């Protein structure tokens, strides 16, 4: 089988490419150039967009003994991921750019191009497992290493994409992968994992948004108000710098009368008003999801679990499909859930699909 191995310059994608080659596949490595200005990223930045990362990927391909190329998808990435990220925050929502990248870039633009060039599959270093289902469908399950499981950010993939995907690391732990990399002589064996949003080099999301959005945001400045009294507690430089559940960086002039910390409860991008209050008012019992993406069979109703953050806990939930939208009832409350986040649905370890949260039903305890 002809396999295109996406190599970020990190240890996971390098070992995934090596395993694909060792399995007898005809493997070609590629590095995705996603930044329009990679020189702006400092050496050692914990992302995958630096020139250093590209060089690390090339050296790994040389060690493995596979051809290697760089594909420039920077314009497509900027349009589909970066611009979407800015627009979502400007609208008061909290997007996950990693899911967007998987949906629009790695398993769409890259996969489509790979298939057009005669490749049979794309291999990545994601931690997830693919197994053959009894109904002939390809099922995606959580990885063996639950601490590194990345099935959440892959919950946007459908059958057409899963059938042409390989995740060679799904049955391994991270420690095993690092040991194997060292044994194979891969210089990235001890390279730190990337955690930050790859196109925000210093990790300062609010500062980056302020610089990039500028006057494009509906309200550059606004007020921070108390949920109980409506009193103005402070001002801010842009509602796009906040997310639901945020506690730090509010810069409120005085503490609450009861001394408890305040959290962001609501963001109104049109007026620029950010409402804050106690933690218990973040409790969410019901979600509305739009743009569902199904990994296989489309359920009308499902009792399973839902994950609401990339490394968040699972919540027992009941899903009811309503046309092109879904209603998700949480059997226990979740806290700090924001519109724009992804709700990824599971039946045991199997990924059922995902939806973008459009609304939440908060039960305000007063």
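Quick reminder: no glycine exception, Cβ is built from N, Cα and C everywhere.
Bear in mind that the values here come from a model prediction, so they are computed numbers and not experimental data.
These come from Swiss-Prot:
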BINDING   6, 7, 8, 9, 10, 11, 12, 13, 32, 125  ATP binding site
ACT_SITE  101  active site, nucleophile
DISULFID  101-198  disulfide bond
SITE      126  site 'Interaction with tRNA'
ACT_SITE  198  active site, cysteine persulfide intermediate
SITE      341  site 'Interaction with tRNA'
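Swiss-Prot feature annotations superimposed on the structure.
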| residue | record | Cβ contacts under 8 Å, 6 or more apart |
| --- | --- | --- |
| 6 | ATP binding site | 13, 30, 31, 32, 106, 110, 122, 123, 124, 125 |
| 12 | ATP binding site | 125, 126, 127, 169, 177 |
| 101 | active site, nucleophile | 77, 81 |
| 341 | site 'Interaction with tRNA' | 94, 95, 96, 308, 309, 356, 357 |
*Determine, to the nearest whole angstrom, how far the Cα atom of residue 10 (ATP binding site) is from the Cα atom of residue 198 (disulfide bond).*
13
_Diameter of the ATP binding set by C-alpha atoms, the set being 6, 7, 8, 9, 10, 11, 12, 13, 32, 125, in angstrom_ = 16
*Round to a whole number and give the Cα-to-Cα distance in Å for the pair residue 8 (ATP binding site) and residue 198 (disulfide bond).*
11
*Including all protein chains shown, what's the count of other C-beta atoms within 10 A of the C-beta of residue 198 (disulfide bond)?*
23
*Taking the Cβ of residue 126 (site 'Interaction with tRNA') as the centre, how many other Cβ atoms fall within a 10 Å radius?*
25
